[in-house]
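*Asks:* Here it is: the structure, laid out below.
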Amino acid sequence: MTDLPDSTRWQLWIVAFGFFMQSLDTTIVNTAIPSMAQSLGESPLHMHMVIVSYVLTVAVMLPASGWLADKVGVRNIFFTAIVLFTLGSLFCALSGTLNELLLARALQGVGGAMMVPVGRLTVMKIVPREQYMAAMTFVTLPGQVGPLLGPALGGLLVEYASWHWIFLINIPVGIIGAIATLMLMPNYTMQTRRFDLSGFLLLAVGMAVLTLALDGSKGTGLSPLAIAGLVAVGVVALVLYLLHARNNNRALFSLKLFRTRTFSLGLAGSFAGRIGSGMLPFMTPVFLQIGLGFSPFHAGLMMIPMVLGSMGMKRIVVQVVNRFGYRRVLVATTLGLSLVTLLFMTTALLGWYYVLPFVLFLQGMVNSTRFSSMNTLTLKDLPDNLASSGNSLLSMIMQLSMSIGVTIAGLLLGLFGSQHVSVDSGTTQTVFMYTWLSMAFIIALPAFIFARVPNDTHQNVAISRRKRSAQ
């Protein structure tokens with residue numbers, strides 16, 4: 001990339017900036033959950049909605065982001081994304097109640113949903129095709145650093161300042177990024193087809209109300225009748241989308257995608273798999289602080305080995321899949337993650353704290369292998385004309401399943417514990433033990449889906465070829 005003009009390199013730095021902001025925010029909040037609960041006068045069992053409100057909003061808004069960038073221009077949308085994300089951060093810091101915080105997190109989610117996909121689109125437009133992979137590697141590297149710094153930085157800020165600062169640090173960064181975007185980024189636009197607004201609204205309503213219904217009376221305080229009404233509305237919305245998309249070439253996501261068996265299996269496995277693994281980033285720091293009495297900073301540091309294991313495994317995952325095939329790798333890593341989850345719970349409750357970093361490192365390795373395998377399996381056999389739509393649907397399902405996973409984790413804590421779980425409670429560790437056992441069971445379930453994947457290792461050569469072209 002050394003032969004790129006200075007203006008293009010600056011534009012890549014802006015995109016990398018956005019990737020870093022978004023990825024940092026996905027992990028920095030987790031460590032602060034117990035402190036937020038204490039400050040806002042809420043039970044920690046209700047605080048999972050702080051994560052769900054953000055991730056669910058990202059899932060809902062993702063399908064519209066690419067179309068908006070093509071229609072309005074990448075500079076305008078990227079600038080808007082940074083401004084919304086920064087304003088959301090400010091409102092989060094100013095929140096005095098849980099409901100105010102949830103609304104502010106949703107505003108953050110709107111900005112976050114546009115930031116990453118529009119950033120990818122920007123790179124595609126400003127960089128020659130032969131340098132696209134190198135440019136994407138450059139701009140996504142800060143996105144890999146964000147999850148590494150997030151837990152420790154969040155714990156440090158909570159312990160030595162207050163939880164408000166995990167949001168306030170976004171404000172100067174966002175202001176600089178917004179100004180740089182206006183000054184340095186060109187406003188590329190493209191001719192767009194008509195946006196499937198009807199399909200978008202049906203999917204958005206279906207995803208949102210079903211997630212709220214799942215949270216139920218424990219989190220939202222809804223009556224059984226209201227929950228039943230939400231379920232009915234959500235199911236009807238999704239059924240209407242299926243009818244809307246049938247034989248509709250302009251549908252948001254074509255049903256032709258599901259004619260590819262590996263896509264159908266991969267998407268189902270990704271949805272179920274990320275429900276289980278989506279619980280872990282929320283539950284681990286909460287358990288370390290409330291269940292074991294760790295300080296916020298110490299709990300944040302404990303998350304770093306998991307991220308390091310994930311980053312390290314990415315270097316060899318291609319060879320592993322090529323050697324053993326998708327079916328064996330996905331079944332083994334799914335069951336392995338369930339066992340590692342049980343191992344983490346056991347070592348923690350036995351007080352073997354010096355073993356926990358190694359267990360978390362192993363958890364990161366297994367999880368990374370499974371994620372990479374699921375993503376590639378889902379997309380590898382799609383025809384070129386459906387690849388972009390399939391990738392967008394996968395991205396949306398990833399966010400949706402993670403929000404559902406965090407919701408279920410909160411429900412499990414509420415099911416096994418009282419409304420006032422705290423470090424001083426004598427039953428707290430028992431509550432967490434039953435929750436971790438249930439999580440391990442849920443994490444293992446997708447193995448039944450992955451067992452149906454054709455064990456055709458010859459097709460895995462496609463991953464290796466893509467990997468080499470990226471280097």
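Glycine residues also receive a Cβ, built from the backbone N, Cα and C atoms like all the rest.
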*Asks:* Would Swiss-Prot have P5 and P34 facing the same side of the membrane, if we go by the names of the topological domains it assigns?
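*Replies:* Domain labels do not match for P5 and P34 in Swiss-Prot.
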*Asks:* Which residue counts does DSSP yield for the topological domain 'Periplasmic' (246-262) in the helix, strand and coil classes, in that order?
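*Replies:* Here the numbers are 7 helix, 0 strand, 10 coil.
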*Asks:* Counting only residues 6+ away from its ends, which parts of the chain sit with a Cβ under 8 Å from the transmembrane segment (49-69)?
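*Replies:* Hits for the transmembrane segment (49-69): 25, 29-30, 33, 36, 77-78, 98, 101-103, 105-106, 108-110, 112-114, 117-118, 121-122, 192, 195, 200, 203-204, 207-208, 211, 215, 219, 252-253, 282, 392, 395-400, 402-403, 406-407, 410.
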*Asks:* With Cβ distances under 8 Å as the criterion, find the stretch in 13-33, 138-158, 225-245 that has the most pairs with the transmembrane segment (197-217).
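*Replies:* So the stretch in question is 225-245.
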*Asks:* Please work out which recorded stretch in 77-97, 286-306, 396-416 has the most C-beta pairs separated by under 8 angstroms from the transmembrane segment (165-185)?
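*Replies:* Most Cβ pairs under 8 Å with the transmembrane segment (165-185) come from 77-97.
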